[in-house]
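Participant: Let me begin by handing over the structure; questions about it come next.
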Amino acid sequence: MAASVLNTVLRRLPMLSLFRGSHRVQVPLQTLCTKAPSEEDSLSSVPISPYKDEPWKYLESEEYQERYGSRPVWADYRRNHKGGVPPQRTRKTCIRRNKVVGNPCPICRDHKLHVDFRNVKLLEQFVCAHTGIIFHAPYTGVCVKQHKRLTQAIQKARDHGLLIYHIPQVEPRDLDFSTSHGAVSATPPAPTLVSGDPWYPWYNWKQPPERELSRLRRLYQGHLREESGPPPESMPKMPPRTPAEASSTGQTGPQSAL
């Protein structure tokens with residue numbers, strides 16, 4: 001009897017050890033209470049820039065020279081997009097709710113760069129030196145919001161005279177194209193101008209047929225007053241007026257009006 005009881009106890013010992021091992025597992029409370037990090041928490045916030053009031057001093061500092069050198073701020077920027085063809089429009093903005101998105105544009109990625117109409121050296125990097133045209137946003141990679149600020153700042157800088165731009169003056173060439181090439185010559189006048197005839201044939205007087213005239217006379221017999229012939233070749237010229245006659249008419253004019 002005692003042996004059978006001992007055997008049953010020994011058989012149940014491994015099952016008890018398994019239950020004990022399962023109860024001894026300790027789960028930390030931190031893993032059960034914490035939430036997964038959201039996308040907004042993973043984004044970095046915008047730090048405060050020391051050059052906010054005077055942004056042009058940053059472009060003269062050694063930090064700027066070490067980071068960019070003599071190249072524009074957008075020279076080494078590459079857009080992150082799907083496929084081999086980039087979209088024709090950049091993102092609307094790189095900073096949402098004071099959080100910077102991934103791969104921000106050349107201006108939003110450096111918190112020490114500020115778009116201001118007094119920051120002339122920064123504005124000159126986004127204007128073509130030959131034509132004076134502002135570079136498009138897909139060319140420089142800046143977001144739509146920063147591109148709008150750049151356009152307004154460049155226009156304001158031009159109005160204040162801080163950003164110099166010129167319109168090239170092209171001098172006309174003093175060449176006579178009629179003699180510059182053998183195949184080019186003076187255009188001959190029209191044949192109608194040489195003969196003295198009008199340019200259009202319907203402007204010339206044509207005598208209507210006599211049969212048509214007789215028919216019209218019978219039709220409008222009671223309404224015709226006089227018959228008009230062909231128009232005169234030239235209008236009659238009025239004799240020139242002497243200065244004395246012109247002055248006398250000018251003096252009598254106001255009196256007759258009264």
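The backbone N, Cα and C atoms fix where each Cβ goes, glycine too.
Swiss-Prot feature annotations, pasted as is:
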- 229-242: compositional bias 'Pro residues' (COMPBIAS)
- 245-258: compositional bias 'Polar residues' (COMPBIAS)
- S38: phosphoserine (MOD_RES)
- S49: phosphoserine (MOD_RES)
- 216-258: region 'Disordered' (REGION)
- 1-35: transit peptide (TRANSIT)
Participant: Run through the Cβ atoms and count how many others sit within 10 Å of the one on S49 (phosphoserine).
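Facilitator: Within a 10 Å radius of the Cβ of S49 (phosphoserine) lie 14 other Cβ atoms.
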Participant: Helix, strand or coil for S49 (phosphoserine)? Use DSSP.
Facilitator: coil
